[in-house]
Amino acid sequence: MPTINVNKVDLERLCNLVLSDKLIEDKFPMMGVEVEEIFEEIDKSGKKQKIIQFSINPDRPDYLSVEGLARGFRGFMGINTGFQQFDVYESDTNVTVLDNESRPYIAFALVKNVQMDEMVLESIINLQEKLHWALGRDRKKLAIGVHDFDMVKGPFTYKEIKGDEIKFAPLGYDSEEMTPKEILEKHEKGQKYGKLIKDGKFPIIVDSKNNVLSMPPIINGTLTKVTKNSKNLLIDITGTEKEAVEEALNIFVCSLFERSGTIYSVNVNGKRYPDLTPRYREISIDLINKKLGLELNAGEIISALKKARMDVKFENEKLMVKIPAYRNDILHNVDLKEEVAKNHGYEKFEGKLPSIATTGSRNPIEKKCKHYQNTMLGFGFFEVMNLTLSNQETLFEKMNLKYSEKDYVEVLKPASIEHRVLRTSILPMLLETLFINKHNVLPQKIFEIGDCVLIDENDTKTDTKCKNIKKISCAVVHPLTNFNEIKTVTEGLLRETFGEFEIENYEHPSFISGRCAKILNNGKEIGFFGEIHPEVILNFELEHPIVAFEILIE
């Protein structure tokens, strides 16, 4: 989980409270924020400052700043409750977006009259970097630029240019101008994030005088560097996913609002950002009480939700909940139930022992999986663990497989384009793992045991019409690997587990024709193995022969 270091003095002034160490250690965990440690450090002026390190759950990116933590804590403690209104005024600032294939989405906001000092400046920089990590996947999905608005003049333009088309002084090189290409070669950030620049096209943001504000996702220009004397801030967020870009902007401007900033919208190709329109969800009192095992009345539930900085209307035993724009984690009514539990007080829940006695034992399927695991480890393989979430390109297109929407379960609101569907096979994930480790020495022998999810229209037991199946898959890569090697491994595993099995010739689009076989157990097909097709190897940007198997466990 990400951690943030917060100056205690800064937290106290934002909370408008004097906070003892005991209060911090007792109360913050109750609102879902763990206190890692409290320590002292020397600041730039030589004074001792007390620092609190918090551990933040990944589903609460609004807590990645001291401003967000203070807002949440004021609500939790009952100091400021209910929906916090964020007024957004229209500015005359305009941005023109020209074709930009590599990072097509961009959003802007203007926040004026921010009460800036060293602590505020440090908080802005920290939030920027934490959001890069938490929402931006290390700038791949989104990148944030913060600028001194008074140093430039609109309108602004976001476009792609060639590597030698313009020169500007990047942050850290105040007096040395470079081309975008030179920045990738010489600048620390260019060397680190240059891989995100595709096809030699460099995204750039310029003002009306062609001054460079930013070259996302690499570096800002030194012209708009934010200092403790800056008060009017222009925020740009570029990325590959529209929803993530807008969510990050909402979190950022709401944090600056806590510093007495006034939020102004910016016109980006005819659309105004930020959009802080609240969302609404309806939930019943009975549903909340049933889930929590409590008997709360409407007033108690409304009070708890108001502590979560939401507003609630009560009609016909139903609650209409008004959710702030920065709460991108509220995706389902179960999230509202969690907010009620948290703000009602976890300490008020009473544990009850069940009235029956049971004896625990390992699940039979897990015992079987453990046997598979031990066998593969004995064969000299390394075990890996991948996510169950994947995407159509990895599961089907790179594997040379045809597919339709009936072949996979799709995620309704995916957090990223890489995680849009539930995997139907483990083998593509192993090939991705080999790609990530292609710089390591060969041979590489890996396996994974895990769940795959398939659509089952005949399922009458659940509403989802889906079923989880357990599979094992392995892959071997080195210059001399061949069908005989994977056949030996597969037969060895099958003798240890299934006992009786048959092997027949098999044609599979992911494997070389004539070098693939299917596995039968009591006449039922349970898996396949063979040499991976060269096209598939190239699709995953790998360079050596690969053999693999995939077997159904249950």
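Backbone N, Cα and C atoms are what each Cβ position is placed from, and that goes for glycine too.
Features as listed in Swiss-Prot:
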type	residues	note
DOMAIN	276-351	domain 'B5'
BINDING	Asp329, Asp335, Glu338, Glu339	Mg(2+) binding site
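Neighbour counts of Cβ atoms within 10 Å were compared across the binding-site residues Asp329, Asp335, Glu339; the minimum falls on Asp335.
Excluding Asp329, Asp335, Glu338, Glu339 themselves, the residues of that chain whose CB lies within 8 A of the CB mean position for the Mg(2+) site are, in sequence, Asp59, Ala308, Arg327, Ile330, Val334, Leu336, Lys337, Lys342. Within the model, the domain 'B5' (276-351) carries an average pLDDT of 93.
Residue density at Glu338 (Mg(2+) binding site): 18 other Cβ atoms are found within 10 A of its Cβ, drawing on all protein chains shown. DSSP assignment over the domain 'B5' (276-351) gives 33 helix, 17 strand, 26 coil.
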